[in-house]
Amino acid sequence: MKTKFIFVTGGVVSSLGKGIAAASIGATLESRGLKLTILKLDPYINVDPGTMNPLQHGEVFVTEDGYEADLDLGHYERYTNVITTRDSNFTTGQIYNTVIQKERRGEYLGKTVQVIPHITDQIKENIYKAAEGFDVALVEIGGTVGDIESLPFLEAIRQISHDLERHQTMFIHLTLIPWIAAAEELKTKPTQHSVNKLREIGIQPDILICRTDRPLDEELRRKIALFTNVAYDSVIEAQDVECVYAVPLNFHKEGLDSRVVEHLQLWAKRPNLQIWADIVDSYMNPKDEVTIGIIGKYTDLKDSYKSLNEALIHAGIALNLKVNLHYVDSEKLHDTGDTSDWAKCDGFLIPGGFGKRGIKGKIDSIQYARENKIPFFGICLGLQVAILEYAQNVLGIKNADSTEFNPSTTENIIDMMAEQKEVKNLGGTMRLGAFKATLQKDSMAAKIYGKEEISERHRHRWEVNNKYISALEEGGLKISGKNKDLDLVEVIELEDHPWFLAVQYHPEFKSKPIAPHPLFQSFVEAAYQNKGKKS
Ligand code: GLN
């Protein structure tokens, strides 16, 4: 079967949830037994989002093969069985990079290199390459229709629909139907304009997904359909939801997946979305709640810890608990000495992070969790800081430090590996992607995973310095997981504590509502038990 293409664009405003929409369309199609992949095309010039500030752009998602990707790839993996790779996400910067390198090598044979056809051809080549072998390739175009930056991408997908057969491609446009309070009316004009913009460049959407805060009545749907030249039953309502995992169900109720398989003439089995109904049911009807303190630096923009937040929510869904995420700014905590947030949290989590800011507040918090037997989960930087806390406060190495925070420290318990010291560029040069680790038999980690050989995704430059391992172990810290090939510490834990564990990798990238990550589930369960003890 030839691969079919679904292009997803967005109009009117950004932040309409295009990533979740694309992922949810994917979920409905997978429920019909179709094999799919999902791509994200980003119009910005950065070669990848790896060096972008998470406060501006949200989290950097890491793929199995070690690509630093847009956070939408995280949505794709959470909603579907798609395993994204470096081919699943590319930017204008990457496309230009490739084209300029080809030009330098003389591959254009002296021709004038232009946006059309050279840039658009490169975009098409990348899309085709990533789509190979799948029934359906969903392609999400970043940005909003009307932006200058996204034009070459829109032109490229228009050409794809022209190059391929009629039923091989389709366009889905996500738009907003705002409620204007003064008129007490839902307004369709922005949608009309945004579809007009698309049609100016030769793209007629086949389906409209209309974000709205209230139901669309028949009259309004007819009006939208008429003005945008979309079939009446292809105007899909997407009302705001309390649980993001309800979106596949809502799309299905609106008939979205039926319209897709009809249009693309896909042979597919009957959809079964029961698993999503169960997830939403557990989320909406929790038996109790638990509060997790996330002690970090980027606490202003919740999207900077997107996968982490979702992983905690998945654990809650599995345990039928509402998980309250309580963000604690570690810098403020240390500077003001106001530690009142500690008492509000049933478990402490220190997520990944970079740089020196806020480290002292993290160390104080870990000490409190360790001494007061509060469940503690450290992730990446969280492991490194937990080691520093242990070295300083238990082993008495007062100057224990990381060369990330203090390059001239004499107690470099956290240090860079030799090959990382050679690296000069910041982009794409960390220890990235999936690596194996071996867990110690009978350790808490091995019990939680239910196995001793694991593979998890990494994104860091610093490591535990092996010179200190015997001192740490003699001092009572258990090194329960190691990468044997590279001889690196992966997991640490404490025995005389109900739940104290930290990992050098990012388990949150592999958690899904359908398959919550065991470490998050076990941690949230321990936090809930701790809550029971407190009350
Ligand atoms: N800054 C630390 C390092 O590079 C931790 C990185 C992280 O938490 N992802 O090693």
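Placement of Cβ uses the backbone N, Cα and C atoms for every residue, glycine included.
Cys380 (active site, nucleophile): 23 other CB atoms within 10 A of its CB, across all protein chains. The active site, nucleophile annotation in TrEMBL covers Cys380.
His506 (active site) falls within neither a helix nor a strand when secondary structure is assigned with DSSP, and so counts as coil. His506 (active site) counts 22 other C-beta atoms within 10 Å of its own C-beta, drawing on all protein chains shown. Positions annotated as active site by TrEMBL: His506 (among others).
The active site annotation in TrEMBL covers Glu508 (among others).
Here Pro190 (UTP binding site) comes close to Gly11, Val12, Thr175, Leu176, Ile177, Pro178: these same-chain residues lie at least six apart in sequence, with C-beta atoms under 8 angstroms from its C-beta. The CTP binding site annotation in TrEMBL covers Ser14, Asp147, Ile148, Glu149, Lys187, Thr188, Lys189, Pro190, Thr191, Gln192, Lys223.
According to TrEMBL, the feature UTP binding site maps to Ser14, Lys187, Thr188, Lys189, Pro190, Thr191, Gln192, Lys223. For the recorded site, Lys223 (CTP binding site), the DSSP three-state label reads helix. Sequence-distant neighbours of Lys223 (CTP binding site): residues of the same chain at least 6 apart with a C-beta under 8 Å from its C-beta are Thr188.
Residues or ranges marked as ATP binding site in TrEMBL: Ser15, Leu16, Gly17, Lys18, Gly19, Ile20, Asp72, Val241. For Lys18 (ATP binding site), the count of additional Cβ atoms within 10 Å of its Cβ stands at 26 [all protein chains shown].
Classification of Glu140 (Mg(2+) binding site) by DSSP places it within a strand. Counting only same-chain residues six or more apart in sequence, the Cβ atoms lying under 8 angstroms from the Cβ of Glu140 (Mg(2+) binding site) belong to Val8, Lys18, Gly19, Ala22, Ile38, Leu39, Lys40, Leu41, Asp72. Here TrEMBL flags Asp72, Glu140 as Mg(2+) binding site.
Taken from TrEMBL, the feature L-glutamine binding site covers Gly353, Leu381, Gly382, Leu383, Gln384, Glu404, Arg461. Its Cβ placed at the centre, Glu404 (L-glutamine binding site) has 20 other Cβ atoms within 10 Å.
Here TrEMBL flags 4-266 as domain 'CTP synthase N-terminal'.
Summarising the annotation, TrEMBL assigns domain 'Glutamine amidotransferase' to 301-525.
Ligand 1 lies within reach of none of the binding-site residues Gly19, Ile148, Lys187, Lys189, Gly382, judged by a C-beta closer than 6 angstroms to any of its atoms.
Here the Cβ of Gln192 (UTP binding site) has 16 other Cβ atoms within 10 Å, regardless of which shown protein chain they belong to.
Comparing Cα positions, Gln192 (UTP binding site) lies closest to Gly17 out of the recorded positions Gly17, Leu381, Gly382, His506, Glu508. Cα separation, Ser14 (CTP binding site) to Ile20 (ATP binding site), rounded: 13 Å.
Gly17 (ATP binding site) falls within neither a helix nor a strand when secondary structure is assigned with DSSP, and so counts as coil.
Of the listed binding-site residues, namely Leu16, Ile20, Ile148, Leu381, Leu383, the sparsest CB environment within 10 A is found at Ile148.
Other C-beta atoms found within 10 angstroms of the C-beta of Gly353 (L-glutamine binding site) number 23, with every protein chain shown included.
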